[in-house]
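Q: Below is a structure I'd like to ask you about.
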Amino acid sequence: MGKSILLINGPNLNLLGTREPHIYGSTTLPEIEASSISHAASLGATLEVFQSNHEGAIIDCIQAGRGRFDGIVINPGGFTHTSVAIRDALLGVGIPFIELHVSNVHAREPWRHHSYFSDKAAAIIVGMGPYGYKVAVEHVALNFKEIKGNVES
Ligand SMILES: O=C1C[C@@](O)(C(=O)O)C[C@@H](O)[C@@H]1O
């Protein structure tokens, strides 16, 4: 059966395309979402998208996804470096997730090197620009059986 994927983008990612283009490129979030949906469909998977600038809204979205998704692809934006609560939500619903960053956070400010997500992520994608979303979708859609069970439930 085709995989069901939830794509979550956190704060300021709605500004992709115009936000610091030398770091994040010129592709917009609607473009990334549309190509992720069609890429998933081409692999027999379905993909729902969600973006919010609000920590609680992201947590609500993750909780509402319990039992509905095989995998979550999440770019937590700035919450990567601050949010115990989003980490807890992901672990709480027991859905394996891929942590994704458009930029190479390890080549940036030292405080971007720490993530509240990485030690629990099934996979981490950094610095691949918008292409990272395609890779993440593909990994959940095609290789998910192997990555399932990597997280606490
Ligand atoms: O908002 C973002 C975007 C980001 O997650 C990325 O996609 O490269 C990296 C984060 O450090 C930053 O706060």
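Yeah, the Cβs are placed from backbone N, Cα and C, and that goes for glycine too.
TrEMBL: automatically predicted annotations, no manual curation.
Among the features that TrEMBL reports, active site, proton acceptor is placed at TYR24. The active site, proton donor annotation in TrEMBL covers HIS101. The substrate binding site annotation in TrEMBL covers ASN75, HIS81, ASP88, VAL102, SER103, ARG112. What TrEMBL lists as site 'Transition state stabilizer' is ARG19.
What does the local environment look like for each feature on the list?
A: The Cβ of TYR24 (active site, proton acceptor) lies under 8 Å from the Cβ of LEU16, GLY17, VAL102, SER103, GLY129, each of which sits 6+ residues away along the same chain.
Annotation note: HIS101 (active site, proton donor) sits in a strand segment as assigned by DSSP.
With a cut-off of 8 Å between CB atoms and residues at least 6 apart in sequence, the same chain places ASN12 near ARG19 (site 'Transition state stabilizer'), listed in sequence order. ARG19 (site 'Transition state stabilizer') falls within neither a helix nor a strand when secondary structure is assigned with DSSP, and so counts as coil.
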Q: May I ask which residues of the same chain, at least 6 positions away in sequence, place their Cβ under 8 angstroms from the Cβ of HIS101 (active site, proton donor)?
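A: Same-chain residues close to HIS101 (active site, proton donor) (Cβ under 8 Å, separated by 6 or more) are ASN75, THR80, ILE125, VAL126, GLY127, GLY132.
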Q: Restricting to the chain of ARG112 (substrate binding site) and a gap of 6 or more, list residues whose Cβ falls under 8 Å of its Cβ, or answer none.
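A: In sequence order, THR80, HIS81, VAL105, HIS106 meet the Cβ cut-off.
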Q: Greatest CA-CA distance (Å) over the residues ASN75, HIS81, ASP88, VAL102, SER103, ARG112 that the record ties to substrate?
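A: Maximum Cα-Cα distance: 24 Å.
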